[in-house]
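Here the structure comes first, spelled out in structure tokens, and everything after it is commentary.
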């Protein structure tokens, strides 16, 4: 894919923001759906957690497949198909008669739909704003914060008024708005793709092997896996935790509104901070992860206080909100625009594996101990380890910094002297250089 450029880039930004907003209403309402599922089906916390965990994390596990589909048919068609699949799954959940049926309709079908709808967002924004990916991603992911603001009150109102089945049906109505939003994500294919030229059938997936051999990228990615475990746990188990600790359901739903406010502010500020000639995204990522981990570890100490959950929600929104902004800027910095689509696909796949297993395991710990305290302490240590891995990633940036010092003439000379393929020659000299550096990392 190539950059959209021009005024249509703003349209892409609007479409991506809308997708993030409407899907966030659904994903951040999973905790309240989880509470209702526990009451209706009377299953264990660990078993019930599978439904919500699949819904919010299957989109990540299918990351490489989704990025492959994007490479073949573009972001616009992929996102629109995802919206359709999401609506179908939620309508099917309205007619589901058992928890296991919901695993298929709500967990798998709708989860796949969210993946196809959401993953094109960072890809399209990355191509639309290659020089300002930080602020562009800040604005885009602010849609998640806005959705979070609305999620708690909306989902609780729907459950109180229409019950679990009615909530699924009306959630499908909310999800239908993702279809027109997805149609705005125009990312033209390159001339080579239009002419049908490909190196070989499985060449696209071979780029993942190169990414796996890039140390800085893998450190940051493994860190993202760890903090997403805690992120998924809080999305699903926070309402139940604070209700069991003495808060009402209305107070629990308001927590996500508070988190959303902090998230919106954090993502816009972080997006501005890591713009051109801005602050180091790796060090900012480290700082936010460390603060977030310390907050989660200590949460069991003040959850029973009257203002404890509100303090947690306020700080958690600030710390966790900014972390999602770093996905595109870090991928662009470490692996370059040439492999942006593959890097994002692998990113979502691995963080999905972590966050998919997190909520059921935490639910199992709760079933065994009867308390969420130990679960949150373990989740917090995962985030602290993520901060450490991000710090380690800075040791592999020396080569990347040397690349930044290469002059345009040197770039042109390098692209001329190296044995690039015809497909490589369609790239700019700078993209050719990024491609060569990543190939060198493969043999490092």
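Each position is counted from 1, following the chain as shown.
Cβ atoms here come from the backbone N, Cα and C positions, even for glycine.
In TrEMBL, annotation is done automatically, which means it is predicted and not curated.
Looking at 254-275, 408-429, the range tied to transmembrane segment in TrEMBL is 254-275. According to TrEMBL, the feature transmembrane segment maps to residues 7-29, out of the candidate ranges 7-29, 191-213. Among residues of the same chain six or more beyond the transmembrane segment (282-303), those with a C-beta under 8 A of the stretch's C-beta atoms are 220, 223, 227, 230, 234, 241-242, 245, 270, 273-274, 309, 311-312, 315-316, 319-320, 322-323, 326, 330, 372-373, 376-377, 379-387, 390-391, 393-394, 397. Within its own chain, the transmembrane segment (49-70) is flanked in space by residues 1, 27, 30-31, 33-34, 37, 78, 99, 102-103, 106-108, 110-112, 114-120, 123, 204-205, 208, 228, 232, 235-237, 341-342, 344-353, 355-360, 362-363, which lie at least six positions past its ends and keep a Cβ under 8 Å from the stretch.
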